[in-house]
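Here the structure comes first, spelled out in structure tokens, and everything after it is commentary.
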Amino acid sequence: MQHGDEMMKKMTGKSFALSALVAASFMAAGAMASDKTEPRNEVYKDKFANQYNSWHDTAKSEEITDALAGDPSLVILWAGYGFAKDYNAPRGHMYAVTDVRNTLRTGAPANAEDGPMPMACWSCKSPDVPRLIEEQGEEGYFKGKWAKGGPEVVNTIGCSDCHEKGTPKLRISRPFAERAMETIGTPFDKASKKDKQSMVCGQCHVEYYFEKKDDRKGFVKFPWDSGTTVEQMEAYYDAIEFSDWTHALSKTPMLKAQHPGYETWKLGVHGKNDVSCVDCHMPKVTNDKGRKYTDHKVGNPFDRFDETCATCHSQSKEFLEGITKERYAKVKELKARAEGQLVKAHFEAAKAWEVGATEAEMKPILTDIRHAQWRWDFAIASHGVAAHAPEEALRILGTAVDKAADARVKLAQLLAKKGVTDAVAIPDISTKAKAQAALGMDMDKMNAEKEAFKKDVLPKWDEEAKKREATYK
């Protein structure tokens, strides 16, 4: 006992607090995973076999599509931000944790206090997130760097993200999402079953940002205080003078849209007619014993046409697919026009700074660029918008083109005033590698650091998680 007292005295206050925290967490874990959340999806594979097996089939979307390689302009549009390093098309829920670990955007942290990203980057990736919030509170969960959560957030998006523990009953598992629904006058506990089916998806398939206020630094918040349209959120961000980053070329205080699928779905024909996300992406199907269940392989409705589209539409699959492809082509065309204007605007703004433009002269120009790119990003980041709300997508992209053009007209006038009358040269950005090189990005170094991280750090995270989960009852 005396020896123990001496050891205690030698421990610093910081190390003692850390030891106490670890001990407390293991004591809690020894009781059960969490009172409200069982993060281990495999626990439910027998009780809810059909749902579990179909959920597991989301692993079949194993192909990785490099969005930057497919559209190198994105590198320039996101210059100075993590997405210029690496951005792949989204895959199935089974890959949520894997992909956020592997992306260059999360860096190659050497320890829990290292790396470029905050803890909030885990927030939509795993049922371990609500578990941690229940154990630590939001203040404890959001505090610190992304790497802090590495050994804790290991179970991919699954059962407890959307369901109450051990039951099919739907729930919102993130307090920040619950607050957001209340903000727009649709509290989850008062919603219909049909609305709840979309609201659980709206925990993550939404626009959000990380707060910068001292008392809530790094907290996730949905910018819905003034409404959920692109203009209302833009006005909200402007009012609080928020920006995600400063553009490396134009020095514009930029906004990065996330994936506002819920907001755009609400504005489309399906949302307005009470057709939920589940109706189209998780339909009722019949197993080999003739029993119906909800298919949890979230995917393209056309892959299960008879159980999805055909329950409402009398037209053929070929007809509806044709219409959707036409709409997608129109959205893609306007998207490209907006990108072309924005890329030139960023380079022209960089030139204006170079030849002596003042902040006062640049402010209205940067506002136009900020608003144009926000609107472009909002439309394209809303995956499936060509099916959900094509008219809204085209409207938003049209305003993006207009605002980018406005910025370029002002830039032409300002550049002429500064003596620049020739067109501003745009470097070769025809490939992802050339675009990244034009920005001076050392991709070899970033990739090497990431590979070392995957080799040296990830196995340690998994081993720590395995030991912790072994104490669960």
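One is the number of the first residue shown, and numbering goes on along the chain from there.
Even glycines carry a Cβ here, placed using N, Cα and C.
What Swiss-Prot records for 1-33 is signal peptide.
In the three-state DSSP scheme, C124 (heme binding site) falls into the coil class. Cβ neighbour count for C124 (heme binding site): 21 (other Cβ atoms within 10 Å of its Cβ, all protein chains included). Marked as heme binding site by Swiss-Prot: C121, C124, K125.
Residues near H296 (heme c 2 binding site) in space but far in sequence (CB under 8 A, at least 6 apart, same chain), listed by position: Q51, Y52, S54, W55, T58, M282. Summarising the annotation, Swiss-Prot assigns heme c 2 binding site to C159, C162, H163, H296.
Within the same chain, the residues at least 6 positions away from E207 (Ca(2+) binding site) whose Cβ sits under 8 Å from its Cβ are F222, P223, M233, A257, Q258, H259, P260, E263, F378, listed in sequence order. The Ca(2+) binding site annotation in Swiss-Prot covers E207, Y208, K256, Q258.
Counting only residues at least six positions away in the same chain, the Cβ atoms of D279, C280, H388 sit under 8 Å from the Cβ of H270 (heme c 5 binding site). Annotation comment: Swiss-Prot describes H270, C309, C312, H313 as heme c 5 binding site, evidence class sequence analysis.
Annotation comment: Swiss-Prot describes C277, C280, H281, H388 as heme c 4 binding site. Long-range C-beta contacts of H281 (heme c 4 binding site), restricted to its own chain and to partners at least six residues apart, with a cutoff below 8 Å, comprise V298, G299, P301, T308.
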Review point. C309 (heme c 5 binding site): which of the binding-site residues C162, H163, K256, C277 is the nearest Cα neighbour?
Key: C277
**Study point:** binding-site residues compared (C121, C162, C277, C280, C312) - the one with the fewest other Cβ atoms within 10 Å
**Key:** C312
Check your understanding: Within 10 angstroms of the C-beta of H388 (heme c 4 binding site), what count of other C-beta atoms is obtained when all protein chains are considered?
Key -> 23
Revision key, fill the gap. Rounding to whole Å, the Cα atoms of H163 (heme c 2 binding site) and K256 (Ca(2+) binding site) are apart by 30
Exercise for review: For the binding-site residues K125, H163, K256, H313, work out the Cβ neighbour count at 10 Å and name the residue with the minimum.
Suggested key: H313
Review point. What residue among the binding-site residues C159, C309 has the most other CB atoms lying within 10 A of its CB?
Key: C159
